[in-house]
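Chemist: What TrEMBL records for this protein is below:
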| type | residues | note |
| --- | --- | --- |
| SIGNAL | 1-17 | signal peptide |
| TRANSMEM | 284-306 | transmembrane segment |
| TRANSMEM | 350-374 | transmembrane segment |
| TRANSMEM | 380-405 | transmembrane segment |
| TRANSMEM | 417-441 | transmembrane segment |
| TRANSMEM | 453-476 | transmembrane segment |
| TRANSMEM | 507-530 | transmembrane segment |
| TRANSMEM | 536-564 | transmembrane segment |
| TRANSMEM | 576-595 | transmembrane segment |
| TRANSMEM | 607-636 | transmembrane segment |
C-alpha cells in the first residue's frame, strides 16, 4: 500500500509539473535582479505576413520594415516549414518593467527617382491594399490586437494590419474604419506606431523566481512624425499618396507598458484569445445536428436487421411442407454472385490500402490533439505529426491492399505493391510541387525550400515505400479472405433497375448524410486555413470524426442492402463510392466558400486555392474508406446474402450452405420436407 501511495504521489507531482501545450515557462525579472533562471530582456519575434485577399504569404523581410541587425531565426519543425511560417528576431526589444514612450525603431526613406525605392514602396502599398497582417510573437505567445465587434463582444486578433487604403472613389477599406481621419481619397495610411501592453503574473505565493508573461496586446497607430529627434506620437496620420511624386520618410516607433495580472495563470494565458471566438454554441449545434443524422440512420439499419432479416430467418424456420415453401426472392437470389471479384479490382485494392493509411493517421493525430500535445501553442506540431505518421504507416497500407488484391484473385502483385506505394502519394506530391513552383515564382514565404523537398522525398522513398513493401509481403503470405459460398461460373443476369437503385443516384444520395454531419465543422477548418483564424476545438473535431465514421458506415450498409434487394450484386465499388462521394460535396462546398466567404484576388492565388483544395479532396476521398470496409464486413457477416437450398433424393438431407461465422446449418427432414435452420 505504501508503494502504491508513493506511486500515486509521484504521478500527481509529474502531472502538475508537466504542461502539454507549448514550451516550458520562462521567468522574467528586473534588470538588476537578472540571473541564470530569470532574464530581463524580452525579445519580440516576427512571423510571415498573410492576407485574406491573397493565398501568398510573405516573409517580414520582404517588406521594407525595420530589421534586426543581428537577425536570429529559431529552428522550425517540418510543419512550420510546410505552412510557410518564417520566424525571425526583430529590432523591437524591451526590458522587463521598463516603460518606453514613442521610442524610435528606424527610419525608411524613399526617393521617386530611385527605381529600388519605387519598387519597395509599391510593394508596401500592395500589402496595405490587400490588407496584409503582421504576426508578432512574445514569449511564444501571439501579440494580439483586441477590438470591439458586434453585440459588444471583444475579438482578439493574433495579427494586425500593415495599414489601410481609401480608394479613389472615397471608399474606406478594412482597418481605415477605426479612425475618422483616414478619409483622403486614393491615400494609404501606414500603421507606423504600436502601443504595446505586456501583462505578467508576478509570481507571488508561487514557487518560481521572477514573473511570467501572460498576455501581450497592442494597438496600431498612424502618426506623421515631422522631427525624428523630437518624437511625440501625436498629430495627423502618416499618409502615403497614391501617386509617388516626392521624397518620403517613414519613421517607425513604439510605446510599451507593463501591467501586473495575477488573476491569469501562465498555463491558461491563451484562453482570452480562444474565448473571444464566439463559436462554441455553433459547435454544439453542429454536434446535435450530426447526432440526429446518426440516430436516423441507426434506426433505419436497426429496422432492416430486426425486421427484414429476422423475418427471412423465421420464414426458413417454419415447419411447412416443401411444396408450400416459398420461392427465394430479392437478395437471396444473388448468393452465387455476391462475392464475384469486382472490375478494376487492382485500383480498388490500392484505394483501400491508401485509405487505411490515411484513416489511421487521422485517428492518431486527432487523438493526440485532444490530449493537448498538438495545441496552437506548439507551432507546426499538427502537420509534423500527420506527415510522420503517414510515413510510418506504410505497412498497414501495403498489407490491406495486398490482402484485398489476393482476395480479388489478382496475379499482378508487383504492380499492386508499386501502385499502393506510389499512386496516391505521387498525385499529391505532383500537385504540391506545381503549387510550390508558383510560390517560388511569386517569392512567397510559403515556397518550400529545395532541401525540405529532398527531405520529404527521402522520407517517402526511404521509409514509406519500404514499409509498404513489407506490409504487402505479409499480406500476400496470408490466405485470401474466404467466402462462405462458391461463386457461380456464369454471372447472373441483373434485372432492369429503377432510377433510385441505379449506381449513380445511389452513390450521390449516399454522400449527402455524411456531408451533413461535417459541413459546419468544415466551415471552421476552412476559416483556419484560408482566413488565418486559430483552430483549437480538437475535442469537437474528434467527436465529429467519430460521428462521420458511424454515418459513413451506416449509409453504406443501408444502400448496399437496398441494391442487393434489387438483385444487383455489383456492390464492391458502390459501397466504396457511397461514402467517398462525400469528397465531391466537400469540393462543391469549397467552391461555394471561395466565392461567398473569401475576397481572394489574382490568378496565382486562385490556382493555389483550388490546387490545395484538390489535395484535401483526394485525401478525404481515400479517408472515407471506412464506409467500404463496413460494407464489406456487412456482406461477409450476413451470410443470408448466400442462402441456397440443395435437395437430395431418397433419404438424403437437404442442406443450406453455410454463410456465417456462426456456422449456420439448415437441414430438411426426409419425411416431411420441413426445413430447420440450426446454429452451432
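Going from the start of the chain as shown, residues are counted 1 onward.
Glycine residues also receive a Cβ, built from the backbone N, Cα and C atoms like all the rest.
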Chemist: For the transmembrane segment (380-405), name the stretch out of 350-374, 453-476, 507-530, 536-564 with the most CB-CB pairs under 8 Å.
Modeler: 453-476
Chemist: Sequence-remote contacts (6 or more beyond its ends) of the transmembrane segment (417-441), Cβ cut-off under 8 Å?
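Modeler: That would be 56, 346-347, 349-351, 353-354, 394, 397-398, 401-402, 447-448, 453, 456-457, 460, 464-465, 468-469, 472, 604, 607-608, 611-612, 614-615, 618-619, 622.
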Chemist: Between the stretches 350-374, 453-476, 507-530, 576-595, which one has more Cβ pairs under 8 Å with the transmembrane segment (536-564) than any other?
Modeler: 507-530
Chemist: Can you tell me which of 350-374, 453-476, 576-595 gets the most C-beta pairs within less than 8 Å of the transmembrane segment (507-530)?
Modeler: 576-595
Chemist: Who are the chain neighbours of the transmembrane segment (576-595) in space, where the CB to CB distance is under 8 Å and they lie at least 6 residues beyond its ends?
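Modeler: Counting only partners 6 or more residues beyond its ends, the transmembrane segment (576-595) has Cβ contacts under 8 Å with 348, 351-352, 506-508, 510-512, 514-515, 518-519, 522-523, 526, 530, 552-553, 555-556, 559-560, 606, 609-610, 613-614, 616-618, 620-622, 624-628, 631.
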